[in-house]
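S.K.: Attaching a single structure in structure tokens format; questions to follow.
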Amino acid sequence: MFSLEWPKICLLLLLLGLLHWTCGSLVKTNLGLRVKRGQSVFLQEGDLQFHIPRQKDACKLEVVLHEPITQRVGTLSPQVFDCNYLVDEVKYTHNGCPILKEDSVRLRLYRFTETETYTEVFSLHVEIMEPDCNIIKLGPQTLQVPEFYGLSNVLDGNVVSFHYEHRSNIECTVRVMTPESYLPGHGQLVTGEPDKLEGPRGDEPDSFVSIRQQLARANCKTESCLKGLKLVKITKVPCDEFLMMGIRYQHINPPSPDIDYIAIRLDLTDTRSKSIIQTEQAWIPVTIKGAVRNQPPKPAFMSMFILEVDQFILTPFSTATLDAVDAETPKNRLVFNITKPPSEGFITHLSDHTKPISSFTWTDLNDMLISYQPPNSSHTQRRNYEVELEVHDFYFEKSQPIMVHVSIRTADTNAPRVSWNMGLSLLEGQSRPITWEQLQIVDNDDLKAVRIITIDGLQHGRLTVRGGKGFMFTVSDIKAGVVRYHHDDSDTTKDFVIFRITDGRHQARHKFPINILPKDDSPPFLITNMVLELSEGQTALLRGSILQASDMDSSDDYIMFNITRPPQAGEIMKMPGPRITGYPVTRFLQKDLFNSIIYYRHFGNEIFDDSFEVVLSDFHDPPNLSDPQIIVVQIQPVPDQPPKEVPGATRYLVVKETDVVYLTKQQLHFVDLESPDCELTYTVTTPPYYSNIHGGADAGRLFLVDSIPKLTKDPNAPVLRLFTQHAVNYMKVAYMPPIHDIGPYPQHIQFVLSVTSQQGSTTTGVCFNITVLPVDNQTPEVTNWMIVDHLRLTDVDSLEDSLRVELKRRPQHGEVYLDGTPLSQGQTFTVRDLKNLKVRYHHDSSETDQDDIECTATDGVNSVDFVLHIKVTLVNDEVPVLVPELKPVLECAEGQDVVITAEYICATDADSDDSRLTYMIARQPYYGVVLRNGIIVDRFIQEDINDGIITYKHTGQEIGLLPRHDIITFVISDGQTDAVPVCCYERTQVPNKPTPRLEDSLPVFDLNVTVFPVDNQPPSITIGAVFKVDEGGSAAITVTHLRASDQDTRVEDLQLILISPPQFGYIENILPSPGFEKSNMGISIASFSYRDVLNQHINYVQSRHQRTEPTTDQFMLCVSDGKHQSSAIPFYIIINPTNDEAPDFLARNFTVREGDMKELDPSIVNAVDLDIPRDRLTFTIIQQPLHGAIMGRLHGNEVVHNKRSTHKHGTEVLVQDFTMEDLRNGMALMYMHDDSETEQDGFIIQLSDGKHLLQRHMLVKVLPVNDEKPHIIRYKHIWSMNVEAGEARLISSAVLSAHDNDTPSSDIIYVFESVPTQGLLQIKVSA
């Protein structure tokens, strides 16, 4: 029996699409997933395991699409992956929805053997947990809309906040997920403040205003009518900016549920690699006041819920057959879940009609993409089936079950028809037979005559029949399994075949789908290969934007970059973390690139073009390998190597002084590996100069050849400061010797260069040597002076011994002697004769003041004529004299200067020019100096005095309060010290003969200078002893605390100014104001004189001490002399605390139950003393309560130091006095009620800090307790009353009365233990 039923069960499972060709489950382990809300989780290795041998059969998993009841709040990616998936390959991402606590993912398992394909559909359960360490956190406030069409409060940091590690390379961005999530569903996001709406119109009632305003907002759907508001269109904004945009939620679409949501996504991006390192999503709730809770969907009223189906015909559903409505959710977001499928046949989606579905959307239903596939069995009678569904809205509320009836009509036709089409599934590159279980065809009259002809499709494969071409085949070929589809091994996932099915008289077209599962047989390939640029010696990150690969068949994260040829100038390194040492690697994963841990490190050598070769591989066994790929690295040179000189460069030139010479690379040649010659720049840091000390200022120049028209010495040639090696190589740089003659000897000249490369590296101190050879092409040069050397003969290019002077014409008023012998015309003398003073001119004593001699100077080659002019000096024998009535004293301000004019010193000379008289300072002033145009001199002339450029400047230190006196002694001369000029004495005169001297008769003059004081020094202030004052008191500020001084001002006149006043007091001057007798005590001042400090009139008053306990104070002050002011300094004050604060006494009334105890904790009795140090606070019960007692409970062995009564109640003792310290040390203060029937009590408690006394009357409210029994206070026998038969008597309180101390008489209840036998007791009811 079992063997017969098992194939039927297998066939049933086959029809449901849950199993193909096998009956045992392929799933070994299904642990499901646990994900935190708004975050992602990867499928781990042990979460899914299968009964499939890894080495034998291929295994694939596919996420089933078109199942909207699954993956409702998240997605699983990728859609297709290997059963032996890698870690971090398969990821479930939650969208942040807070409503659902679980989700599911429908997976289809494929097992591919050599000949068969086995499939199984199962669900992966997803448990959604609350995050414990999320980035997006909802704040204490929520977004609330006060009314329909209203605006919410602003979305800011009080509503949502972002918590992440702020690093320089982390960028936080937020995106509103409205297009993906359809949220918000009943509103829109706006910014700005709305314009005030129009008020009442005329006599319009106020109630109409809000209705009209709501209608105005309801009709506004675009930004043009949003007065004052602007629609938010966010793609991506920084996190901080998102919270400051002032975003509001505007309700626009009632009816709506009472809660709407705003979906956001937060990305943390590594700015270095531009890769997202963490993503989180969240739904921000929006509460809409006045709205009701979300209501479940309902079946549409107009739908029939009956589907008529022809036998074997795939029939679509329409909204006329099945439909639903929901007040809050648009129809296009409704989801239909099949809770009870039909007993035969199945519901399918037309995107793949071979596989059953368990859910679908209203949109697919409306587009007629949902169909019913009837069973492949034929019946002669109509068959009816039922399908049960439920509808889910956007907020996951579901409807009551909806029943749809499916009725299959019988068909009577002889045309061939397809009764069953399950399609074909195979692995990429495989071939599979089209079997009877996958494609079934029926024909009523002759099935053998049916032919199946291929007319279209087969875009990625081919059909064969028994190994040959499969253009046409029969039903028997299908049953025999000889019709075979061969995939062409391309990277495709779908194919199909269009068949024309004919029996010769009838024909039909039918599409047979083919599902192709990808196979990992393609190697990875590069999609981005940019040049990596970095500076020499640096380490650069290999970003994903520079190097990125892709794989059609496997995860891109696990693409392996295998370095087959390493770089020559560097190495590839992996640095797992910011503070982890990197290490070289020979291969790395693409996810390492995305995680920014792969770097290229340059060794720092002078190689600037580098590359390395990689081969890409995946994790297939064996791996698929790409072709070798070259990654280029370009290194930017850095100036770490200075230019170097080429060996053999001489840096030396030899040139005649009349020539110009080129600089070539034989003399000057530097190279730099990082710079071409055109970028190698020479800078003349030191222009050409003579290497010896006898050279001139002009040592030649460097110039560009193109800067002068002809290559000769040209003084207008611009001096060259910068040139390149390229210019030297092409002889564009030349050296020009000095313009003037260099003299008779060769000159050695140098200049210094620095060489700079393109990157800025510089070689300094490059010295270039030049030897300039002389050329004798200049005539001698004669210089004729009237004084000192009378005749100087020079020749720049001849030796001194070769120079001679020929007497061409004798003088008219004298003779020329050579060594005592007169020279005649034509005779000569040498330069050496001139230097030895052998050549003399002797005047003939005539009254002439000039003469001249004509001569010719020659160097033996060149000659020049010249005239030697002779000036005859007249004799001067008068001395200067001072002019009368000169001012005796010159006054000068301290530190200043004053002009010495002719009013203070002036002289005259009868035979000399007065303006040329010389004043020599015989004694310099002691406190100053004499200046001429600002320069110290020891002599000057009368003309300088007349021009006002002679001054006396006081240079001494501060002179104090009294003037100083100074003296300048002058000697006046006319410049003549001998009666006869020295040059004119004969050499034969008698040596011992005295010479007349005029120095002894020169006038001497003392100029008195008075320096008067100037107030130019700032005063100073110092702080002395520490200033102390009692809290609330005052103390005088004396010179022991504060001292001021000034070098040029009397201390009594100094004024002290407060820059900032004291914080806890003020400064007062107790001295009365001028003209008054009343003291100014108690008046705050901002300045005072130092005289008042000396007289002890200045006090500091500590005025701010109530409710605060200052211990220190300070104020800033400076001192001024009326002109200058010192820098401000602080004056510190020590405040000695005193008991000046009355304690704060808290004594509250309290309530206690009758007979109970109440602990008087700090919330009832407490005291605080603001004094520092704290005073001892003592409490005294000066009036005990009347109906209770104040008790104290001791803890341990503590002893209450104040006196107490010895009356004890267990561990409590009666308390009279206690301290605050007792309460802090654990003493429990209690009030104990005496259980009397009283409703209130009271006592008086007193607090003392040793100075102040405070009393409080505390009231105690007693809550009564019903603990007393009632008792009869009046009772008379009823029979004492005369009651006639049929008569009724009232039993009043005069007959029967009871009393209870703690219960009102009206609440006392009488209970009958027995009732009268001869009468009735009745309750009187008022009319």
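First residue shown is number 1, and so on along the chain.
Cβ coordinates are placed from backbone N, Cα and C, and glycine is handled just like the others.
Feature list, courtesy of TrEMBL:
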type   : residues  : note
SIGNAL : 1-24      : signal peptide
DOMAIN : 27-263    : domain 'FRAS1-related extracellular matrix protein N-terminal'
REPEAT : 296-390   : repeat 'CSPG'
REPEAT : 415-502   : repeat 'CSPG'
REPEAT : 523-617   : repeat 'CSPG'
REPEAT : 644-756   : repeat 'CSPG'
REPEAT : 764-858   : repeat 'CSPG'
REPEAT : 879-973   : repeat 'CSPG'
REPEAT : 1018-1120 : repeat 'CSPG'
REPEAT : 1141-1248 : repeat 'CSPG'
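I would like each feature placed in context: is it buried or exposed, what are its neighbours, and how far apart are things?
M.R.: When averaged over the domain 'FRAS1-related extracellular matrix protein N-terminal' (27-263), pLDDT in the model lands at 84.
Applying DSSP to the repeat 'CSPG' (1141-1248) sorts its residues as follows: 5 helix, 55 strand, 48 coil.
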S.K.: I'd like to know if the repeat 'CSPG' (523-617) touches the repeat 'CSPG' (879-973) in this structure, counting it as a touch only when three or more C-beta pairs sit under 8 Å and are separated by 6 or more positions.
M.R.: no
S.K.: Do you know the DSSP helix, strand and coil residue counts for the repeat 'CSPG' (764-858)?
M.R.: 8 helix, 48 strand, 39 coil
S.K.: Looking only at the repeat 'CSPG' (523-617), how are its residues distributed among DSSP helix, strand and coil?
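M.R.: Counts, helix then strand then coil: 8 helix, 46 strand, 41 coil.
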S.K.: Count up the helix, strand and coil residues in the repeat 'CSPG' (296-390) according to DSSP, in that order.
M.R.: 8 helix, 41 strand, 46 coil
S.K.: Across the repeat 'CSPG' (1018-1120), what are the DSSP residue counts per state (helix, strand, coil)?
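M.R.: Grouping H, G, I as helix and E, B as strand yields 8 helix, 42 strand, 53 coil.
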